[in-house]
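K.L.:
The Fe cation binding site feature in TrEMBL is assigned to HIS134, HIS139, GLU182. Here TrEMBL flags 1-295 as domain 'Biopterin-dependent aromatic amino acid hydroxylase family profile'.
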Amino acid sequence: MDTPRRVEHQETDRGYVPVYATGIVEQPWASYSKTDHEVWNTLYQRQRELLPAYACKEFLEGVERFGFGEGGIPRFDDLNKVLGEATGWQIVAVEGLLPDEVFFDHLANRRFPVSWWIRRPDQLDYLSEPDLFHDLFGHVPLLLNPVFADYMEAYGKGGMKAHAIGPEALMNLTRLYWYTVEFGLINTPEGMRIYGAGIVSSKGESVYSIDSAAPNRIGFGLERVMNTKYRIDTYQQTYFVIDSFDQLFDATRPDFTPIYASLAEGSPVAAADVLGTDKVFQRGTREGFASGADN
Ligand code: PHE
Ligand code: FE
């Protein structure tokens, strides 16, 4: 199947090949304004107060090890020393969202792209594209965890493969990222905790994902997750819960090729639905759920 091209192609003596523009820039640290640093400080402080009761210990440990604080926006170079020694990952500064293939290539090579710019003070609670606070505070602490670090690399490699298979496979894999890396919960001896970056970088969803009676909380199943649509316009209607990062890594180890093929035969599950086969931690009340299509 001919997949849509999201990367520029160019005629070369090796033929018509994609140009892997890496999108990497240098973090323009000296040009952050006072306001930019204050936005970081405010967001950091809010989450620092809230998350000890909500986020998993691996995430909280990561925040400590990087020494994030209220001293303004961190310098990526400093963080990379800690990160490189711990798991061999590096963060790279980018302008924003990258074409899928470029993003996967970064992950497959243990580079995590972080938007260099931070949101405005009137966007503390919501913005529609990922900024530095989401990318850095949300995603990077867990890259210090060896198992999660390996999962992210494997995801990047899996992304290249899914991309070559076609847009439906890519959609299945994107759902996995959404419900784990962005919006995942983990069941711990201390109770249900957050590990997803989209949640830990949001004050409102941190509380909602754990405390609200409205959403479903369902045990992680690989095919269940890859077959479930998601909402990009509201808090999630369903959260999937892992028992451990080892469980996540082991479940995603098999070759997905036959799974993509079998999922293509059926139809996806709506974001709000609970199935008879689900391991239900909580069946949501659906209070306040938006109607209309999910993705
Ligand atoms: N095992 C997957 C595949 O064969 C790759 C993958 C690993 C995808 C981890 C996501 C996460 O496609
Ligand atoms: Fe993200």
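Glycine is no exception: its Cβ is also placed from the backbone N, Cα and C atoms.
Those TrEMBL annotations? Automatic predictions, nothing curated.
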K.L.:
Neighbours of the Fe cation site HIS134, HIS139, GLU182: Cβ within 8 Å of the Cβ centroid, same chain, sequence order.
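P.N.:
Other same-chain residues near the Fe cation site: PRO130, ASP135, GLY138, VAL181, GLY196, ALA197, GLY198, VAL200, SER201.
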K.L.:
Please work out the number of neighbouring Cβ atoms within 10 Å of the Cβ of GLU182 (Fe cation binding site), leaving out its own Cβ.
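P.N.:
There are 20 such Cβ atoms around GLU182 (Fe cation binding site).
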K.L.:
Applying a 10 Å Cβ distance cut-off over all chains shown, what neighbour count does HIS139 (Fe cation binding site) have?
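P.N.:
If we count other Cβ atoms within 10 Å of HIS139 (Fe cation binding site), we arrive at 22.
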K.L.:
Sorted by position, what residues of the same chain at least six away from HIS134 (Fe cation binding site) have a C-beta under 8 A from it?
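P.N.:
In sequence order, SER115, ALA197, GLY198, SER201 meet the Cβ cut-off.
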K.L.:
With H, G and I counted as helix, E and B as strand and the rest as coil, say where DSSP puts HIS134 (Fe cation binding site).
P.N.:
helix
